[in-house]
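For 1-60, the entry in TrEMBL reads region 'Disordered'. As annotated by TrEMBL, compositional bias 'Low complexity' applies to 24-46. The ATP binding site annotation in TrEMBL covers Gly143, Thr144, Ser145, Gly146, Ser147, Gly148, Lys149, Thr150. For 501-535, 567-615, the entry in TrEMBL reads coiled coil.
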Amino acid sequence: MLEIENSVDRRMRPRPNTRVNLESLMSNDSQSSSSRSSSPSHRSSSPIPPESGHQELAKDNETVKVCLRLRPHLRNNPYKAAFRIHENSLLARNVDDNSTERQYTFSEIFDDTVSQAEVYDRCIKPAMRNISGERGATFLTYGTSGSGKTYTLLGNHANPGIVPRAIEQVFMENANCISPHPGLKVDKTSVSFLDDDSVCRELKKVESMKKMLQYHDAGHSRMKSIIRKEHDFQTSKDPDLRVFIWVSFVEIYNENVFDLLGQDSIFGKRKPMKILSNEGNAYIKDLSCVFAGSSEDAYNILQFGLQSATYGSTDVNSNSSRSHSIFFMTVVSYSLATQLINYSVYKFCDLAGSERLKKTGNFGDRLKEAQKINTSLMVLGRCLETVHKNQKSKKLAEIVPVRDSKLTMLIQSALLGKEKLSMIVNLYPTEEYYDENLNVLNFSSIAKQIVLQRKPTQRRDRTTRYSFFLAQATSSPSAKIDWNQLMVENESLKQELAYESNVYREQLADKALEIQQLKREIFDQELQLRNELTDDFESYCAQREATFQTRLKQAREAAVLPYKLQITNLNAKIEHLKNVITDMEYEEDEYEKKLKAYQEELQKYREKEKRTRRLSL
């Protein structure tokens, strides 16, 4: 019976039992060479296991950064000591009952005396590092209505919030690399180059937004000087790097996503937008992405979007945010040396405050808004709870319900651990809002326990048939000799490749000169051909003009001829009538003479008759 060839029958093909690190086989390290020449039993422990090979991954894992910030209380409305701070823990206990004291641990706790600069340095600044390959970060401000979330996020001219400070950090760290023209843009999670017409349109878009600002002031320069005094941002000195910064701004109102930077948003003509996904990355279809060539442009774009944001008045807050707003800042970097393109997206989310109807007094549209806000926050809590449960349990992971809300769909990358997530929980520590604050604290305690697992970007080796033959080849005694010969051949091939590349460069230069000469010849031939065509066309036009003049003359003569005959006939009739008139005038003279003679004879007769009558008497 014939023996079946293993390479023919797929069931009998040899498969590798181990994995081999291909990069170690190509290195020149002596330890790598010795490991390749070792026995197969020694090699079985060195390959990269399926879920290892990145020992630093465990060190990189960290929990979600959750910071607590207490809002200053009013002097004329002191509150009872329902909350106490002990190091990085908050102790909560209702003083009206005998309930047990609850403890909540945070990454950082800021009392009402901590400045905006300190909050930014300890919560936001570490996540805004300019590192190539970072996907970005998501920053959330969460709390009850009126707890100071918007102030933490935006601040004012005297005390800028985290968004203006983040803008200044990005522009100051990349001051030497910022491109004044929008050459690269992220479109549907992929980077594309812009042509000259697109560049002009983007620049005009920024200028039109500046002109449409309702309250344009000089507060940015003052705010910029304040931020520079309070922070020490180091400027990058990479001359081969070009950075392009783009800004977007949306709000989620009644579970509909609206573009705050659209030209129609300022006139109230807004249309809900769709959220799509490309390879697991969510993006908003047809979202306005505006180029910011300076920090002032980015701040003006932010102010333009705030004009269209939805605010309302409740019993708790006279200027309450009625929607979740998300400010996107995309940093695209292009290396001239390596020709590599990276981009990071930083999301700043101002979550609307959770509300209770009996305290806010909402009804009508405000009631509907509150229901939508509470529903989206509930979905966000479910997502965090599911992620935490999946990390704790070894069973089959549950599906994170990110699609149940527009908010969680937009920040799903952070919820699923693909990018950094930081949360600033704002608390108004009064006894009146004790129950609402407990809900906020319970929500944040779940987020604090979630571990961010950053997946390595490099590809892992797969179990293939090639790895088996590679392991067999490296296990032979002559592997080291073959390796040395391979390295010598590799060096010779490199030298030959360098020589060939130089030859090809010279040939390319000669071809370039030849192409230039051919272009000149083509230009001369084209010029000569154009001149010949112009001369021929001019002669043709002259000939056609002469023909048309002749035809026009003939047409004129043909058109005048019948009228000449009519004129001759009319002239003959006129002469005849003149003769008739002359004869009649002559006859008239004769008749006048006869009439005069008759009148004289009549006069004589009358005188004679008078004399006869006198004689008779």
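Backbone N, Cα and C define each Cβ position, glycine as well.
For the binding-site residues Thr144, Ser145, Ser147, Thr150, the ranking by surrounding Cβ atoms (within 10 Å, all protein chains) places Ser147 first. For Gly146 (ATP binding site), the Cβ neighbour count at a 10 Å cut-off comes to 21, with all displayed protein chains included. Annotation: Gly143 carries the greatest number of neighbouring Cβ atoms among the binding-site residues Gly143, Gly148 [cut-off 10 Å, Cβ to Cβ]. Around Lys149 (ATP binding site), a 10 Å sphere centred on its CB holds 26 further CB atoms from the protein chains shown. Model confidence over the coiled coil (567-615) is summarised by a mean pLDDT of 89.
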